[in-house]
Amino acid sequence: MKILIASSHGYKVRETKVFLKKLGEFDIFSLVDYPSYHPPKETGETPEENAIQKGLFAAQTFRCWTIADDSMLIIPALGGLPGKLSASFAGEQANDKDHRKKLLENMRLLENTIDRSAYFECCVALISPFGKIFKAHASCEGTIAFEERGSSGFGYDPLFVKHDYKQTYAELPEAIKNQVSHRAKALVKLQPYVETVLANHLLAGKESL
């Protein structure tokens, strides 16, 4: 069964491939394979809206089942920021390091507060080219570190200290992060839908023989 990972981010693609390969025989490809592809601008207010927007566009473009995700980092002390601006906090053309730098600058304005709590919200969607949508949500709670720690991961990983581990996402071994992150938890919740779609695909194939 052919399935598209609607992302060109190497880390996300790798994490999702590991998940899919555990579930069955898939012909997996991603937007990394299509550098000329232009995804739609993310205009959603929530991870669910963005995941569906990205996934539906890609599913209809490539005419195959597609997995798409979106995450937002929410910091109550900053009024919910970066929130829907998580991917563009320091500007549309800024990189991950720029976003982390701006976040730390904003946190320094709150030195008198002890509340550095934060959480990720994530939605992962499985979408057919005909608009059938399955979705799963997950979140992870933690705190924002005072400085970047760790060298792995991406995005806000060097700043997000996950509860129970006392380490940032970027300090955790990739194999561990791929089990405990918000995206990993959402993928696990999506698993029954993926298995059902695969089973139906295999059944349809047998009936056509």
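Note: Cβ is positioned from N, Cα and C throughout, glycine not excepted.
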Query - Site-mate of S7, S8, H9, G10, Y11, K12, F154, G155, Y156, D157, K177, H182, R183 for substrate in Swiss-Prot, selected among S71, S117 - result: S71
Report task. Could you tell me which of these recorded positions, D70, D157, has the fewest other Cβ atoms within 10 Å of its Cβ? Result -> D157
Query raised in the report: Within 10 angstroms of the C-beta of Y11 (substrate binding site), what count of other C-beta atoms is obtained when all protein chains are considered?
Result: 17
Query raised in the report: Taking just the CA atoms, what is the gap between D70 (active site, proton acceptor) and Y11 (substrate binding site) in Å?
Result: 14
Query - Listed binding-site residues (H9, H182), ranked by Cβ neighbours within 10 Å, top entry - result: H182
